[in-house]
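Here the structure is laid out as structure tokens; the discussion comes afterwards.
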Amino acid sequence: MDSRITTILERYRSDRTRLIDILWDVQHEYGHIPDAVLPQLGAGLKLSPLDIRETASFYHFFLDKPSGKYRIYLCNSVIAKINGYQAVREALERETGIRFGETDPNGMFGLFDTPCIGLSDQEPAMLIDKVVFTRLRPGKITDIIAQLKQGRSPAEIANPAGLPSQDIAYVDAMVESNVRTKGPVFFRGRTDLRSLLDQCLLLKPEQVIETIVDSRLRGRGGAGFSTGLKWRLCRDAESEQKYVICNADEGEPGTFKDRVLLTRAPKKVFVGMVIAAYAIGCRKGIVYLRGEYFYLKDYLERQLQELREDGLLGRAIGGRAGFDFDIRIQMGAGAYICGDESALIESCEGKRGTPRVKPPFPVQQGYLGKPTSVNNVETFAAVSRIMEEGADWFRAMGTPDSAGTRLLSVAGDCSKPGIYEVEWGVTLNEVLAMVGARDARAVQISGPSGECVSVAKDGERKLAYEDLSCNGAFTIFNCKRDLLEIVRDHMQFFVEESCGICVPCRAGNVDLHRKVEWVIAGKACQKDLDDMVSWGALVRRTSRCGLGATSPKPILTTLEKFPEIYQNKLVRHEGPLLPSFDLDTALGGYEKALKDLEEVTR
């Protein structure tokens, strides 16, 4: 029996639903998750070692073998690549003496690529375990690696003043918030949280829900479902136990608004959860925080503890006997699919983040099979302000179908990237002027799963649910950028991030990505474009979850808005063989199949 594993199990009371937290602690202790500890973990959690390994293998950040004392994850997002990623990558390989995907012989360094880590406004960026380094350049890499070789820890390098990890100054030492405009809802002024909760507790739960319904607040995670209606459905569901979950798994490339909200206004978010708990009638809440934001965890835990000490969280909130509600932070471990609310719930239960078949919906059967309301970070912050200022105040902003304001995560080819609070209804051109975007050709709205729109064709369109729906990501590309290369990167992202549970997403995106590569290589014909349209429609129609259903959109939206980037690459199709057919490759595959068959039959 390993005493370290015993201690970890005791820390979580051998609760199977805390498996993700347990795996994080195991990896922190050993540097990876060794096979040797799985039987003891399994015995304590009443799981087989295979069950544990199956779950661990699903998540990007869990390692099954020693991968270096310092595990370096360099963001390889599109924005990183247009801001110096390649030079930084080469510097890392040069200074560590290894290639990406390798661990050095001395076991000091491991180099890994990772998708967007929520720092698109300050790329290139990397994680060394749970410590962040931004605005990287080759010279900075040389300095960081030299200090690591001298024995300094990543935290000592990023935080030379030795600031406590619970302090906002610690976070600010590593990451900039870059709040460019402070609108009326999220960052302006200080809310008297005690007075706000006292005001809410004077209302009946149904009146709180009615206020949110009247405000016309819609979910800020992307789907845009009525927040008040979701709460009402959850409240009306028959169950003594219900849950509220804050989705802080901000995995859509180009999005970082939730990171900034959790940094600059975390208590507004948490009090929004308390208000939801009062309205719905539940006692427990969870913040699902993406693994890339581990550096925020201690700071957020301190914010929660301060709320408990102030009587705004925990037992008898606001002095009301019987109103008990508390929040725990559940760390993710690097899985884009966990942005889907049902996959997130699976992860909270200590499982693979596999999307559930719907119905039933989470408000009917969610966490542990109980009614659960899952809302976005921005949604909860908006709730606090609505209950403070009133539904009419919020509804007066925006458009009739899109009330209030929207936080935009602006990045790419502009002079002022960062966070902008704008009213719904602002035009594309107005935002571009605001952020200093010159010579803009395209804007990726809502990340790769959203729309790639043309500035020339769509400049006067409005950001609103009824026109250009936006989950917060606003990524700008100028006329120098190769849009086909961007499409290829986005499709590669979906290939790698598919959970693999359904064939349309798992296999369809591989084929779609291959078609894009053929176009870039000058080996595609019109039939390939026709296939991309029909296959993309099939993936959209038949994928199991919403994330899979949006995965072909990088291709489909650029085919619609920028058909010339495809047409200019096509070759004429003559004869019986498609231009993409490679006889040598085909024969090589046949010969390999014969060899494999011979080995099997020996």
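All residue numbers here begin at 1 and follow the chain in the order shown.
Backbone N, Cα and C define each Cβ position, glycine as well.
Residues within less than 8 Å, Cβ to Cβ, of G219 (NAD(+) binding site) and separated from it by at least 6 positions along the same chain comprise F225, S226, T227, K230, N375, N376, T379. Under the heading NAD(+) binding site, Swiss-Prot lists G219, R220, G221, G222, A223, G224, F225, S226, T227, G228, citing similarity to another entry as support.
Long-range Cβ contacts of P362 (FMN binding site) within its own chain (separation 6+, distance under 8 Å): E341, S342, I345, P371, T372, S373, V374. Swiss-Prot lists 332-379 with the feature FMN binding site.
In the three-state DSSP classification, C505 ([4Fe-4S] cluster binding site) falls within a helix. Under the heading [4Fe-4S] cluster binding site, Swiss-Prot lists C499, C502, C505, C545.
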Other same-chain residues whose Cβ falls within 8 Å of the Cβ centroid of C499, C502, C505, C545, the recorded [4Fe-4S] cluster site, in sequence order: I337, P355, S498, G500, I501, P504, R506, S543, R544, L547, G548
Cβ-Cβ neighbours of L344 (FMN binding site) (radius 10 Å): 28
Around the Cβ of F225 (NAD(+) binding site), the count of other Cβ atoms that are within 10 Å: 14
Integer Cα-Cα distance in angstrom, C545 ([4Fe-4S] cluster binding site) to R356 (FMN binding site): 8
From binding-site residues G221, C499, C502, the one whose Cα lies nearest G350 (FMN binding site): C499
Binding-site residues (A223, C338, V374, C502), the one with most neighbouring Cβ atoms at 10 Å: C338
Spatial neighbours of C505 ([4Fe-4S] cluster binding site) that are distant in sequence (at least 6 apart) but have CB under 8 A: F494, S498, C499, V539, S543, R544, G548, S551
Alpha-carbon distance [A223 (NAD(+) binding site); R356 (FMN binding site)] in Å: 17
